Protein chains: 2
Amino acid sequence: MANIGVRTRLLDRLVRLSPPALLASLYLIVILLGAALLSLPFANTGGVSIYDALFTSTSAVTVTGLVVVSTGQDFTLIGQVVIALLIQFGGLGLMTFAVFVLSAIGVKIGLGQRLILREDLNQSSIGDLIKLVRVILVVALTCEAGGAVLLLAVFVPDLGWAEGTWYAIFHAISAFNNAGFGLDDQSLIPWAAHPLINFVIPLLFIVGGLGFVVLADIYDSRNWRQLSLHTKIMLYGSVCLILIGWLTFALLEWTNPATLGELNLWGKITASWFQAVTPRTAGFNTINTGEMHDATALMTMTLMLIGGGSTSTAGGIKVTTAIVLVLATIAFFRKSTELNAFGRSLGLEEVMKVLALTVVSILIVFVALFVVSITHDGTFLTLAFEVVSAFGTVGLSMGATGDLDTVGRAMIMVVMFLGRVGPLTLGFFLATHSVARVRYPKGRVYLG
Amino acid sequence: MANIGVRTRLLDRLVRLSPPALLASLYLIVILLGAALLSLPFANTGGVSIYDALFTSTSAVTVTGLVVVSTGQDFTLIGQVVIALLIQFGGLGLMTFAVFVLSAIGVKIGLGQRLILREDLNQSSIGDLIKLVRVILVVALTCEAGGAVLLLAVFVPDLGWAEGTWYAIFHAISAFNNAGFGLDDQSLIPWAAHPLINFVIPLLFIVGGLGFVVLADIYDSRNWRQLSLHTKIMLYGSVCLILIGWLTFALLEWTNPATLGELNLWGKITASWFQAVTPRTAGFNTINTGEMHDATALMTMTLMLIGGGSTSTAGGIKVTTAIVLVLATIAFFRKSTELNAFGRSLGLEEVMKVLALTVVSILIVFVALFVVSITHDGTFLTLAFEVVSAFGTVGLSMGATGDLDTVGRAMIMVVMFLGRVGPLTLGFFLATHSVARVRYPKGRVYLG
Ligand SMILES: [K+]
Ligand SMILES: [K+]
């Protein structure tokens, strides 16, 4: 009886948490469960420690894809199925949760409004939310099933029906959820030139990374003009980022013998396409990431930081955040009274949000890089790359993660978790819900 | 006659420029004049090309202190006097100008107010401004003279009266203006343990780096409560940054044989004090910067980016900007309606300004680092350090600047110039003065 009482009180307390705190707690619980499962004898082939299992579980639930052991070699089929399920939960779980959390955070929090998140949630009808979640699940499973069928044509000829089918399913799930986990230790390098790999995999992770809000809006709208501001910014921003990344990658690496140099023209074009889309934030690679020039690594890190869309399976500060940052800067220098985009205005509270999100993101990356560089004597750039990859839940690696010691790996795990649960969510989680009651006289500071 | 006509029209156009444009133009003209002087035969000992002279002049006028030739060896006494004058102009010129520009920019630009800077300037009485400029000059020359007299005790015993006196004067000017130029190729390493070096030089560059607004306020006020918000933030922020930097540097480098390891306790304490204050943004060093751990370099880069105070001889995004960034983030997560500090409130337009300044700064550093890392195959960290040092007009170097090719050096020159003239000023310079006339309906985007 006492036991049940404790359990009820725990459950009670869990339910009473604000959505961000609930989300973080759920993720943590699933990560621990996943680690426990992955460290069981039937899940791995023997060489996986509890730390490795915890790292793998964190990487899977946060859909990052950084690894310290080989997914294909060190885990049994059961272990791989567990990883796929963790990825599915991590990707869709957040997508689903994002609808709850962001509809609460994104809409109603204006400066000067006193509110507690749960009050907002109660205002939305539960029926609507359940419908939304159902739509999310249908979209995800349809995309993954379609992707898996197409990928059969890639993997079955190489690996036979049994293994080929599992490869197709695993990679489709991993791709749609922007997880970046592969079964081959070389990621997708062995199939770098295959047209379907360069088409199906990116299509899956781009669609998964646009975000549910965008997909629903495109489904509902008949033409460009009907689309919401958010959708327009996302589509426009994604196309720009892809084109810039594609062109820059090709230009910088064209003659690098370790990346594009040895490929023919078609190979150069497709490989740079793939390398331009994967940092936001799929994490697969068809060339050796560690061999890129420093300038290319820097560009890739920027793309990883920006990431994909809100309410999506992608990480990063999000395309909309980056664009509002730029719009706000331009507006300030133009002494404009408001931010405008596609004939819609954005309030100043969006600027506050963008600023807060950017500051928290920079702080997380900085502190993590600081800690990792104290405890590990690796090349600074590869460490920075690894931390940014973890924060953006990207999973691309220049090779440092495997070499890190326990402290370094623990730091990467924390960063993956924060990167996934979201800096904004973290902030709400940590913050006290206070409202200024005293109005102070106006002060002035000189800046810049 | 035609010639005079052209000249008058040029002068006429120059005067009609907005203050930021005027400032940038003046800096450019002085840099070019300085480069011409430094490349003349009587100014250098023979090994200084016109590019070297241009780099040195840019570094001096922007009070950065990065060098590609030896200030003590490659320039004659006349050349060194020219450099000291360029530093004096660069430091005080901006300090003086900052009073004009910031009193225009800082005060009156609110969102939604239509204004052109010159209109504001005309509203201030010319008499006040001339008085301000006179006070600035008196403060500067008094500090420099006092510093030079004290530094005689350091340099005269080592170098004799003639050379020792010149060293004292040069270093006093260089220190107060946060220029970081030294006459010895090892900066201040030969005098690392001298108490006066660890006291007088930092005192000069800290006072010079607080900013004229703060100095005038401290002079006018009798106690802490009377001080303005800006002064309180500057003093509080500077003390925090110094203590954090001091402690962190000592902890990280305590056992590093190439930096603090070989020193005795007093040497460790004074050297880490010096290394903690110099990144903001003096640029002298008493230990070998290139031998620091990566984590220490990362912390130093952060301090270099933050820099000193507005209307000072220091660079960086400024202490107030960094603090408002943090305050705005905290305020957002607390859902506070306004930013408060020391019982004063800050408007949302400050947040816009801080955001714009931060975005422009990050863009400048990113683009420069990208370009430099394309053209130069150095270690990424040392290149990043060099770019940040140039942007913050710090002058600390891990050794890469000397190795850069022409493109890399040109990029560093551009960054020093932008870092000095100010990202904010640059923005005003580039921006068109438009005001939104159409009010768009409100849109919504999801962020984070
Ligand atoms: K990923
Ligand atoms: K300097």
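Glycine is treated like the rest: Cβ placed from N, Cα and C.
Automated prediction, rather than curation, is the source of TrEMBL annotations.
Taken from TrEMBL, the feature transmembrane segment covers B:20-43 (among others).
Here TrEMBL flags B:50-69 (among others) as transmembrane segment.
Residues or ranges marked as transmembrane segment by TrEMBL: B:81-111 (among others).
Sequence-remote contacts of a segment are chain residues at least 6 beyond its ends whose Cβ falls under 8 Å from one of its Cβ atoms, and for the transmembrane segment (B:132-156) they are 91-92, 95-96, 99, 163-165, 167-169, 171-173, 175-176, 191, 194, 196-197, 200-201, 203-204, 207-208, 212, 215-216. According to TrEMBL, the transmembrane segment annotation covers B:132-156 (among others).
Packing against the transmembrane segment (B:196-221) from elsewhere in the chain are residues 91, 95, 98-99, 102, 132, 135-136, 139-140, 143-144, 147, 150-151, 153-154, 171-172, 175-178, 188, 227-228, 230-231, 234-235, 238, 270, 273-274, 277-278, 280-282, 284, 286, 307-314: each is 6 or more residues past its ends and has a CB under 8 Å from a CB in it. What TrEMBL lists as transmembrane segment is B:196-221 (among others).
The transmembrane segment annotation in TrEMBL covers B:233-252 (among others). Beyond the ends of the transmembrane segment (B:233-252), by six or more residues, the same chain brings 206, 210-211, 214, 227, 260, 268-269, 272-273, 275-277, 279-280, 292-293, 295-296, 299-300, 303, 306, 308-309, 319-320, 322-323, 341-342 to within a C-beta distance below 8 angstroms of the stretch.
As annotated by TrEMBL, transmembrane segment applies to B:313-333 (among others). Taking Cβ pairs closer than 8 Å, the transmembrane segment (B:313-333) reaches residues 62-64, 91-92, 94-95, 176-179, 205, 208-209, 211, 230, 233-234, 237-238, 241, 280-282, 304-307, 339-341, 346, 350-351, 354, 357-358, 361, 391-394, 419-420, 423 in its own chain, all 6 or more past its ends.
Taking Cβ pairs closer than 8 Å, the transmembrane segment (B:354-374) reaches residues 305, 317, 321, 324-325, 328, 380, 383-384, 386-388, 390-391, 404, 407-408, 411-412, 414-415, 418-419, 423-424, 426-427 in its own chain, all 6 or more past its ends. Taken from TrEMBL, the feature transmembrane segment applies to B:354-374 (among others).
Look at TrEMBL and you will find B:410-431 (among others) tagged as transmembrane segment.
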